[in-house]
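Accompanying notes for the structure given below.
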Amino acid sequence: MQLNDLRSAPGARREKLRPGRGIGSGLGKTGGRGHKGQTSRSGGKIAPGFEGGQQPLHRRLPKFGFTSLKALDRAEIRTSELAKVEGDVVTLQALKDANLVNQGVRRVKVMLSGDVGRAVTLKGIAVTKGARAAIEAAGGKIED
């Protein structure tokens, strides 16, 4: 006996239903589609979300929100993340090289969150009042 000689025992597997192929199948004549109406016809589907002429839910609810285009080229970083930048001078390009901000970012602001690990010099980067105090307390400076 080979693998290709193996067969299931008779009656072990149920035959596939073939709608519309005689009354003996249990799905003859209408083939399980019922009588008349849109869904009994071929191609008789209704669009997802269609509620029979009633105003659909997605049109009853109001629109809301928008995506600010300013958010696409601006970013915020924490004071604790400044330690991840190589060297003592932190510029926009240095932040991009350290993967702290995306490549498309054009403006960055440093927020006070965590401690500044070492003295760093910020060039061309905006800072909050608290972050400025923390950076200067650590011996760093901010240049515009």
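Cβ coordinates are placed from backbone N, Cα and C, and glycine is handled just like the others.
Copied from Swiss-Prot, the annotated features are:
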type	residues	note
COMPBIAS	21-31	compositional bias 'Gly residues'
REGION	1-58	region 'Disordered'
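Distant neighbours of the compositional bias 'Gly residues' (21-31): 40; these residues of the same chain sit at least 6 beyond its ends, with a Cβ under 8 Å from one of its Cβ atoms.
Counted with DSSP, the compositional bias 'Gly residues' (21-31) comes out as 3 helix, 0 strand, 8 coil.
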